[in-house]
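**Student:** So Swiss-Prot has the following annotated:
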type	residues	note
BINDING	Thr237, Ser238, Glu239, Glu291, Ser390	L-serine binding site
BINDING	Arg268, Ser269, Glu270, Glu355, Ile356, Ser357, Ser358	ATP binding site
Amino acid sequence: MLDIQQLRNDLDNVVARLSSRGFAFDINAFIALENERKTVQTRTQDLQAKRNATSKQIGIAKSRGEDVASIMAEVAGLGAQLKEGEERLAAIQAELQQLLLSVPNLPHESVPVGKSEEDNVEVRRVGTPRRFDFDVKDHTDIGTPLGLDFDTGAKLAGARFTLMRGQIARLHRALAQFMLDTQTEQHGYTECYTPYIVNADSLRGTGQLPKFEADLFAAQKGGQEGESNEAFYLIPTSEVTLTNTVRDEIVPLDSLPIKLTAHTPCFRSEAGSYGRDTRGMIRQHQFDKVEMVQITHPERSYDALEEMVGHAEHVLQALGLPYRVVLLCTGDMGFGAAKTYDLEVWLPAQNTYREISSVSNCEAFQARRLQARFRNENGKPELLHTLNGSGLAVGRTLVAVLENNQQADGSVVVPEVLRPYMGGLTVISAQQ
């Protein structure tokens, strides 16, 4: 959430920066609410001062033996007006809060201005795509004989769900374990096991609610506990749970940075993706991801962003997968991000790079919603900065391994770093 003081003091600049990411801020609604807030606040303060002064007259009149009935009636009337003003002021503040909850983050000055992914800027490419001397298959055709079962997934749950069996299920698990071990043992993250179901407050804190409720899977408790109708949701990413660990907390300065990671399933309705990537595992309602979260001092968050990109790259390099790093433009960034890098892996069957990780600095945008703070050198509470990124999306990494490591006979070479997790297997094939 944006700082309302920044809107009050620098409205034109904020509106222009929001416009650069394709967001039209409702200036008229904001100004109308602000003008009413100022009017009501001034009137309320005047009423409070008048009531205090009038209340003092009661004591003076009583000491003189005078009748105080009229003064007490006036105080009561002022009290009623004051209550009415305070209630209206609270309602205005709530309306301003709702308005701000729908406003995205301001892009950092280093983010290129653009409208769509076509305006993103390639930063670097790493690795050379392999030249094949046979007809390349996509991951669906490679994976089906190896235990990738889309038909049973659809029978169990519907479209965009997958069942895995045997060695391909083991390879999927090996990828997740390798990613977790890399992030914890080499990059200093603390592994967490988190709930897969969260309340609405958690999703508001990280920015999924209220704007993106259609992208979520809602859940409800059964039995007597379900009678409260409290809203619960399946997590779209463990960014939600990991970042919310500091909600309503003031953390010690010497505990920063806080570096957390988790391997969880992620659940997304893909409401805006009808008809896109309907074949295979690229866009699923349920997929696994190893998430990285850093919670940092504001002065260090952009160093942390570059560091986290490197942590995600390390996994791709260890697996021997060609990829590129892309700096997203203002119009292609996620709602809460001030700056985002995407890592895109090479998929031979599509003859293109596809996103496999997104790493973002949200600055204080989430922390303001979460009231996540630290005590600075002067002992004063100050908002933290939060960052998140995939380290990596497990299903898409499996897709990349299948396609890049495929052999002419339909088998797949297991990346060397995964072989200890695969019982020493060097190849998986249908014959196994």
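These residue numbers are counts, starting from 1, taken along the chain as shown.
Yeah, the Cβs are placed from backbone N, Cα and C, and that goes for glycine too.
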**Student:** Starting from the Cβ centroid of Thr237, Ser238, Glu239, Glu291, Ser390, the recorded L-serine site, name every other residue in that chain with its Cβ within 8 Å, sequence order please.
**Tutor:** Val240, Leu242, Ala262, Thr264, Cys266, Lys289, Val290, Met292, Val293, Asn388, Gly389
**Student:** Quick one: of the binding-site residues Thr237, Ser238, Glu239, Glu291, Ser390, which has its CA closest to the CA of Arg268 (ATP binding site)?
**Tutor:** Thr237
**Student:** Only counting partners 6 or more residues apart, tell me which same-chain residues put their Cβ under 8 Å from the Cβ of Ser238 (L-serine binding site).
**Tutor:** Cys192, Thr194, Ala262, His263, Thr264, Cys266, Lys289, Glu291, Val293
**Student:** Between the binding-site residues Glu270, Glu291, where is the Cβ count within 10 Å the lowest?
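**Tutor:** Looking at the binding-site residues Glu270, Glu291, the Cβ with the fewest others within 10 Å is that of Glu270.
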**Student:** In sequence order, which same-chain residues at least six apart have a C-beta under 8 angstroms from Ser269 (ATP binding site)?
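**Tutor:** Spatial neighbours, sequence-distant, of Ser269 (ATP binding site): Ala214, Asp215, Leu216, Phe217, His285.
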**Student:** List every residue in the same chain as Thr237 (L-serine binding site), at least 6 positions away in sequence, whose Cβ is under 8 Å from its Cβ.
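**Tutor:** Thr237 (L-serine binding site) has long-range Cβ partners Thr264, Cys266, Lys289, Glu291, Asn388.
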**Student:** Inside 10 Å of the Cβ of Arg268 (ATP binding site), count up the other Cβ atoms and send me the figure.
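**Tutor:** Result for Arg268 (ATP binding site): 20 neighbouring Cβ atoms inside 10 Å.
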**Student:** Do you know offhand how many angstrom separate Ser357 (ATP binding site) and Ser390 (L-serine binding site) by C-alpha?
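**Tutor:** For Ser357 (ATP binding site) versus Ser390 (L-serine binding site), the Cα atoms are 5 Å apart.
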